[in-house]
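Novice: Checked TrEMBL, it gives:
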BINDING   Val67, Asn71, Ser305, Ser408  Na(+) binding site
TRANSMEM  85-105  transmembrane segment
TRANSMEM  136-157  transmembrane segment
TRANSMEM  222-240  transmembrane segment
TRANSMEM  252-282  transmembrane segment
TRANSMEM  294-319  transmembrane segment
TRANSMEM  331-352  transmembrane segment
TRANSMEM  392-417  transmembrane segment
TRANSMEM  429-447  transmembrane segment
TRANSMEM  467-485  transmembrane segment
TRANSMEM  506-527  transmembrane segment
TRANSMEM  539-558  transmembrane segment
Amino acid sequence: MDNHAFGNGGVKVAANGHADNRSVASSVMNSTETLETDSDVKNITASERGKWGRDIEFMLSCIAYSVGFGNIWKFPYTALENGGGAFLLPYLIVLFIVGRPIYYLEMVLGQFSSRGVVKLYDLAPAMRGIGVAQSVGMFVVLTYYAPVLAITFRYFVASLSTTLPWSLCDPSWTNCVNSSFVGQLNASNTSVTLQSSAELYYLKTIINKAPSLYDGLGTPDWKLTLCLLFSWVVVAIILMRGAKSTGKASYFLAIFPYVIILILLVQTMTLDGAMTGIMYFLTPQWDKLLTVKVWYEAVSQCFFSLSVCYGGIVAYSSFNNFRNNVHRDAVIISWLDTFTSIIVGCIVFGVLGNLAHVTGQTDIQKLATKGAGLTFMTYPDAISKFEFLPQVFAALFFLMLFIVGVGSNLGVTTSIITAIRDQRPDIKHWHVVLGTAIIGFLSGLVYLTPGGMDFLDVIDDLGAKHVTLTFAVLELAAIAWIYGVDRICRDIKFMLRIETSIYWRLCWGLIAPLATLLIFLFSIVNIKLQDVPTQYNVLGLSIYALAILQLPIFYIYAMHRRRSRHDESLRQSAQNSLEPLAVWGPEDDGIRLQYQMEEEQYQKTHPVPSSVVQRIKKRMFNMD
């Protein structure tokens, strides 16, 4: 550690240039009376956080976390529905001014503080409700991510059959056409609608879908239940030793899917009609750029694909070494995530192009279905028509999907585990992992019922997406304007020894908060409840309300703690509760003391300007 990284501050320095540990430890112990609660002291002295074995393991784990279902089934359809190749332009713009800056910001804060998404708000304790609410949203995701993973594994196992089971109609199915049939489905001579065997296989054999939630949820499918159990066992085993075991698994979870993607891409390019489908996917429809919906979808896709504002990035980066170059990691991962989305989109629509070719369908748009339908109905239907080893192609695709799903689920679960361990470091790590896995398994069973997928749509929309978008706005406001862009930049300089450019400052302080706020308002104005029984919408709205209530509850709690310990007025406690706790800073005692001394010295030499304009200028553009 270079000497110039720290200020003078009067700390005794050893011959090797580092602060003397005994002197530092004594200073830290003498300062504990300024801490807010006894539990804060406990978290500093007793908590032993795991660390990544190597810096590369952090980057690979983030890749495995960010590259998931959103890249494979959400991005291709969203792009097609919103202008095809033209969607890439707003998506790349949003990635550049919103997605990547937030990704880097969360990496910086997690690494700097070694805290999860809840304890992160030691930087402004009145805002801790943001972290709690994000954990609520992440828990909702945790309940339904593994069930989708279970369906994926069920398809992988089915792909190993001698004949793909979805390629042929079951005798009990009516109005069914074998997916292995090469030709155009023609229902012109009958009043009934024909369905492919792949579609009916998913609806009747895999999920046994009920007509609607008005028919009730039903009971879980036993085969999917076993697949769900297997999925959680895999996740629990990997997480059992914390960052060490997750980091080792990341080499496989992050790299092997790209091997499969490369094989699938090469295979797809050899299919008849594949280029037609790919060009259909990439051809711009420029008129759609003028609609607000396209930009809304671009921001939503960016949040969903990069997994920002959920807490997983903060949790993963909290296990980093203090000097790890997260600036480099954020740039690499954000571009790689986009590149993956485009490549997978080419694979999916290349296969759809082949499907259009063999069926005689001229409108590829009619072949593409939304979300799970694209992955579990349209894609298997197309694979069934392959002349050469369709089982291999199917097995590779669903294996890739399962692997990237496991990688993403690790990040989701790690966020919850880290939030719990930050509050209760006395609980053993493996106890928290086991408890989380059991709760995740039991809560996931509801999605494996006949009405489970419809229930998932309700819970995902109100309990996850809207919670995440709401608190993304509040997260940016709290960090950029309460804690301050200028202080974030000083933290980065202290940690990484690099200056922060005006690009990052403008994105954090102005562009990203404004863009996110506008998209949030658009989503609220255009919110539509699902056509389901009232109690399900009430449940989804209750989850959203529960998340919203965390903000005033924790603000009031923070004020109460200050007033019970200090002789402050209501106004003073409200203002001071937005100031960082005395324990805020790097995890290491010596480094934290040096940081606090430098920050105190800075505050003395850089008083707060009296005018609002000067305050904004200092916060946004001050390069000191």
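From the backbone N, Cα and C atoms, a Cβ is placed for every residue, glycine too.
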Novice: Counting only pairs 6 or more apart in sequence, are there at least 3 Cβ pairs under 8 Å between the transmembrane segment (252-282) and the transmembrane segment (331-352)?
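Specialist: Judged by the Cβ rule, the two regions touch, with the required three close pairs present.
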Novice: Hey, does the transmembrane segment (294-319) touch the transmembrane segment (331-352), meaning at least 3 C-beta pairs closer than 8 angstroms, sequence gap 6 or more?
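Specialist: Between the transmembrane segment (331-352) and the transmembrane segment (294-319), contact is present.
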Novice: What is the set of residues, excluding Val67, Asn71, Ser305, Ser408, whose C-beta falls within 8 angstroms of the centroid of the C-beta atoms at the Na(+) site?
Specialist: Tyr65, Ser66, Gly68, Phe69, Gly70, Ile72, Leu306, Ser307, Asp337, Thr340, Ser341, Val404
Novice: Going along the chain, which residues six or more apart from Val67 (Na(+) binding site) have their CB under 8 A from its CB?
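Specialist: In sequence order, Ala254, Pro257, Leu336, Asp337, Thr340, Val404, Gly407, Ser408 meet the Cβ cut-off.
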Novice: To see if you understand the setup: which same-chain residues, six or more apart in sequence, place their Cβ under 8 Å from that of Ser305 (Na(+) binding site)?
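Specialist: Once residues fewer than 6 apart are set aside, Ser305 (Na(+) binding site) is near Ser66, Gly70, Asn71, Lys74, Phe75, Gly99, Asp337, Thr338, Ser341.
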Novice: May I ask whether the transmembrane segment (392-417) has at least three C-beta pairs under 8 Å with the transmembrane segment (429-447), counting pairs 6 or more apart in sequence?
Specialist: yes
Novice: With the transmembrane segment (392-417) as the reference, which stretch in 85-105, 222-240, 539-558 has the largest tally of C-beta pairs below 8 Å?
Specialist: 222-240
Novice: Given the binding-site residues Asn71, Ser408, which one has the fewest other C-beta atoms within 10 angstroms of its C-beta?
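Specialist: The binding-site residues Asn71, Ser408 were compared, and Ser408 has the fewest Cβ atoms within 10 Å.
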Novice: Are there 3 or more C-beta pairs under 8 Å linking the transmembrane segment (294-319) with the transmembrane segment (85-105), counting only pairs at least 6 apart in sequence?
Specialist: yes
Novice: Mark yes when the transmembrane segment (467-485) and the transmembrane segment (294-319) have three or more Cβ pairs under 8 Å (sequence separation 6 or more) and no when they do not.
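Specialist: Stretch pair touches.
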Novice: Same chain, outside the transmembrane segment (467-485) by at least 6, Cβ under 8 Å from its Cβ: which residues?
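Specialist: Cβ under 8 Å, 6 or more out: 102, 105, 109, 121, 123-124, 127, 130, 133-134, 136-137, 140, 300, 303, 308-310, 505, 508-509, 512-513, 516-517, 519-520, 523, 543-544, 547-548, 551, 578, 580, 619-620.
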